[in-house]
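*Asks:* Input: one structure, supplied below.
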Amino acid sequence: MTREEIESREDESMMDAPQINKPKPEEFFNVNYLRIYYGKRTLFPYSDIHKWLSYGHDGKHPGCDEYYFGRREFSFTLENDVYLRYKSFKNASSMEDAIRSHFPYKIDIGAVYSVDPDKRHAYSQTGSNVFTPVERELVFDIDITDYDDVRYCCSGADVCSKCWPLMTVAIKVIHTSLTEDFGFKHILWVFSGRRGVHCWVCDPKARRMTNEQRSAVAEYFRVYKGNENNARKVALMGYSLHPFLARSYVDYLKGFFEGELQATQSIFSTKDKYEKILAMISDEDIQSELRGKWENSARSSLSEEAISLVRWEQLKNTLQSKKHKAPTLRMCVEEIVFTFTYPRIDLEVSKQMNHLLKAPFCVHPKTGRVCVPIDPNNCDDFDPLAVPTLSQLIEEINSGGSRMDVDDDDDSDTSLLGKSIKFFRSSFLEPLLKSCKEEIESSYKTKIGKSKDSLSW
Amino acid sequence: MEVIRSQKRTPSNDTVSNPKIPLYLTAPQMEVRLEEFELFAVDRLRVLKGVSDGLARGRNPKEMDDLVDTLWKEHMRDPDASVMFNKDIISHFVLRLVYCRSDELKKWFLSMETALFRHRFRLQNFEAQRAIVGEFGLPYKAVTGAELEGLKERLGQVVRSLGQISPTVEAVYYKVPFEEVPDLVASRRVLIQKGYAFVAGSQLVSLVVTQFRSHISKALILTNRKWTTTIQEREKDRLTPIVEALSTSYLGPDYSQSTEYAEISLKDIDQVAKSSFPLCMRHLFEKVREDHHLKHGGRMQLGLFLKGVGLKLDDALAFWRAEFTKKVGSERFDKEYAYSIRHNYGKEGKRTDYTPYACQKIILSAPGAGDHHGCPYRHFSEDNLRAALGRMGLSSRGMEGVMDQVRNKHYQLACTMTFEAVYGTSCDAGINHPNQYFEESQKILKSKTPPAPV
């Protein structure tokens with residue numbers, strides 16, 4: 001599209017979808033579609049995002065902080081990789097206006113600061129550390145490229161139905177721990193648009209955590225300590241697993257490893273593959289024993305999956321009888337399972353309050369897919385290859401027409417994006433806002449209660 | 001705290017009924033002689049420096065307990081218990097003045113005082129420890145009865161996961177919000193349920209250390225404010241000169257300005273890497289040449305090291321560009337990588353001139369998938385480490401000594417032994433900074449080469 005063509009299109013009303021040729025299958029994303037996506041009020045859910053990030057401070061209660069939303073940092077990445085940081089908006093409509101004038105390729109959400117990010121230079125002169133993050137969700141980022149050493153179907157940016165289940169298992173393990181161990185209640189899982197998932201923990205307690213506390217939670221979740229320089233990337237010491245790891249193993253990891261993973265990855269079926277696993281056993285004799293069994297078996301009648309399962313059983317039996325030989329063998333079986341299945345989070349993303357993370361409902365520029373929420377209680381049903389793309393949304397507008405409004409009374413809404421927005425509202429936003437309002441109310445009552453006392457001499 | 005010339009000192013009111021370790025919650029209300037002001041501070045500084053040394057050498061917790069005990073007895077002891085107690089308090093507050101004045105000084109002081117507190121606490125008996133917990137006014141209740149019964153099995157699992165073969169659960173557990181014990185959470189040393197951590201009596205140290213650190217951190221900010229607004233000017237003829245002299249004497253070199261030995265140019269860099277880089281940097285350097293890429297952690301660790309050895313910004317840009325453009329192309333290099341190199345040299349953003357990482361920091365880093373930074377003595381598997389040491393020229397006998405240190409987790413001693421084996425000389429100071437390794441190595445090599453003929 002040339003500049004002139006783009007500009008002439010801008011003259012047309014943004015509310016009518018222009019007549020565009022049917023997109024080629026690979027062309028899921030382009031700038032024009034993006035403009036429509038942000039241009040129409042019924043696609044990108046501006047007011048839901050605003051409500052979420054206001055956490056109940058809507059100005060309707062005397063205890064509200066009307067400047068709260070305005071102290072949140074956003075960043076925009078524009079078409080030519082131009083990066084705009086420290087953007088802030090005093091309300092939903094100025095956020096909308098800014099997005100509609102820039103049409104960013106990516107929108108990131110940062111922390112809530114002590115003062116307006118926009119005006120930080122005005123304040124930083126009056127003393128040390130006046131411009132500083134005050135609140136920020138506890139966030140996690142899981143990217144399937146960090147599993148490249150244990151998936152054989154894809155590598156790099158690709159993802160398919162064989163390796164996506166690694167993300168599903170990761171969601172289950174982390175989500176269970178966040179709710180059961182840490183007691184968090186307001187958790188949003190979002191598809192990153194291509195090959196991973198993000199997690200936003202929005203409880204007030206979580207938002208006020210210090211960097212040190214965030215780091216502690218990230219380390220609690222960390223098990224895999226590997227790169228190409230070490231062979232044994234998961235080292236489980238001690239005589240048993242910590243209850244969190246034990247529960248994850250029993251409830252999710254073991255079953256996944258012995259079932260779906262064998263079917264999709266067949267991790268024992270070739271010499272290259274099984275040598276990698278043998279290298280995790282820190283005893284040469286056991287390695288040789290198993291190698292001997294596997295090298296010489298010429299069973300071409302069995303499927304890859306069946307061969308893998310047989311070899312896994314052999315490995316387990318051998319280790320079971322020999323595990324007392326050395327402390328490093330005690331939990332070798334579990335170590336192998338953890339290496340292949342346990343979540344690998346990006347620690348740096350979680351550790352610092354000022355780290356920016358992509359906003360939900362953005363569109364991924366390389367795939368055109370919308371970053372939609374994932375239901376952690378039904379994550380087995382989530383298919384990253386079935387997520388609506390920008391071109392599909394535009395198609396839908398062109399063909400379906402007017403019924404794109406997602407309003408609360410419409411239970412029969414079936415638009416592509418509507419389902420996701422409804423889910424966002426009903427399972428995340430509404431319970432969150434309810435609890436935020438309760439908190440604002442009770443802390444307000446406490447405050448006026450206190451000041452009443454101070455007046456009585 | 002009143003500082004006066006030569007009047008007799010009156011003891012503080014709180015020497016009477018307190019626990020052996022003061023918490024430094026409030027400034028003492030007592031008079032101090034000017035000479036003692038400086039003397040007490042210097043003695044405490046010797047203790048803190050000793051703690052810093054111990055940590056840099058990778059001493060384990062038990063070794064640190066013993067070290068602190070020795071240091072304290074050597075420098076801070078007095079036959080009169082109340083005098084000893086007052087010296088403790090006075091010296092701490094004087095050092096607060098000294099070390100509140102910059103971020104780097106604050107960070108060092110906070111780390112060392114916290115470590116000192118931690119190990120002094122560990123040396124106390126359980127009753128004394130509980131008394132100190134009480135002093136902090138922490139509202140933690142012990143878990144008893146049915147609730148404890150219900151947790152017993154999992155508490156036993158935690159105990160076993162920490163290396164104890166029998167799951168004997170302690171008698172007393174405290175139910176504490178998980179936020180209050182971050183280091184126990186991070187190392188999975190506690191059971192956590194619905195936001196609460198169940199802390200064993202023997203783990204109390206974690207609880208108090210977090211509180212202690214948080215308190216001192218806040219106090220330092222307030223002290224700094226007071227210093228810059230009133231004290232510095234008011235005391236310019238009396239205390240200020242003493243305070244300013246005290247801070248410069250005890251921090252080791254940070255290698256942010258390279259010394260006369262350290263200028264290297266781009267054309268020599270491969271040869272210098274082979275001859276003088278410590279293993280961690282050699283590995284990173286080789287990987288850059290091999291893969292024409294490094295992930296962020298590696299770029300930081302190697303980049304700052306090169307800055308410390310005297311590689312100028314322009315040469316650094318040329319070096320990274322030459323390698324990275326083989327993989328990502330010139331435009332992407334300029335867009336994505338040049339900025340952060342300039343950032344490291346203090347030419348962008350908030351323009352902090354970043355200092356090269358010391359061993360302690362490198363050892364504690366966490367290289368993940370695709371990373372090559374970190375300390376090879378800690379992060380490499382035995383086979384890979386042996387191969388790397390072989391490439392450095394170690395004989396199999398020399399290697400055994402090194403591997404022995406590695407097995408005992410004395411990573412810096414392992415590096416020191418490697419240094420000694422490679423250069424055939426002893427290094428008594430011990431390696432605690434990659435740039436130190438480089439400088440020492442260059443000193444030796446330069447002293448061996450004959451001067452160029454005139």
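Every residue, even glycine, has its Cβ placed from backbone N, Cα and C.
Heads up, here are the entries from TrEMBL:
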| type | residues | note |
| --- | --- | --- |
| BINDING | B:CYS280, B:CYS359, B:CYS375, B:CYS415 | [4Fe-4S] cluster binding site |
| COMPBIAS | B:9-18 | compositional bias 'Polar residues' |
| DOMAIN | B:270-438 | domain 'DNA primase large subunit C-terminal' |
| REGION | B:1-20 | region 'Disordered' |
*Asks:* Cβ within 8 Å of the [4Fe-4S] cluster site centroid (B:CYS280, B:CYS359, B:CYS375, B:CYS415 excluded): which residues?
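*Replies:* Here the nearby residues are B:PRO278, B:LEU279, B:ILE362, B:ILE363, B:PRO376, B:TYR377, B:ARG378, B:TYR411, B:GLN412, B:ILE431, B:PRO434.
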*Asks:* How many other Cβ atoms are found within 10 Å of the Cβ atom of B:CYS375 ([4Fe-4S] cluster binding site), counting all protein chains shown?
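*Replies:* Within a 10 Å radius of the Cβ of B:CYS375 ([4Fe-4S] cluster binding site) lie 26 other Cβ atoms.
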*Asks:* Between B:CYS280, B:CYS359, B:CYS415, which of the binding-site residues has the fewest other CB atoms within 10 angstroms in the structure shown?
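*Replies:* Selected from the binding-site residues B:CYS280, B:CYS359, B:CYS415 on minimum Cβ neighbours within 10 Å: B:CYS359.
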*Asks:* So, three-state DSSP: helix, strand or coil for B:CYS359 ([4Fe-4S] cluster binding site)?
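*Replies:* Where B:CYS359 ([4Fe-4S] cluster binding site) sits, the three-state DSSP reduction gives helix.
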*Asks:* Specify the secondary structure state of B:CYS375 ([4Fe-4S] cluster binding site) as given by DSSP, simplified to three classes.
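*Replies:* Going by the DSSP assignment, B:CYS375 ([4Fe-4S] cluster binding site) belongs to neither helix nor strand, so it counts as coil.
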*Asks:* Per DSSP, B:CYS415 ([4Fe-4S] cluster binding site) is which: helix, strand or coil?
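*Replies:* It is helical.
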*Asks:* Which whole-number mean pLDDT does the model give the domain 'DNA primase large subunit C-terminal' (B:270-438)?
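*Replies:* The average pLDDT of the model in the domain 'DNA primase large subunit C-terminal' (B:270-438) works out to 89.
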*Asks:* According to DSSP, which of helix, strand or coil covers B:CYS280 ([4Fe-4S] cluster binding site)?
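*Replies:* DSSP call for B:CYS280 ([4Fe-4S] cluster binding site): helix.
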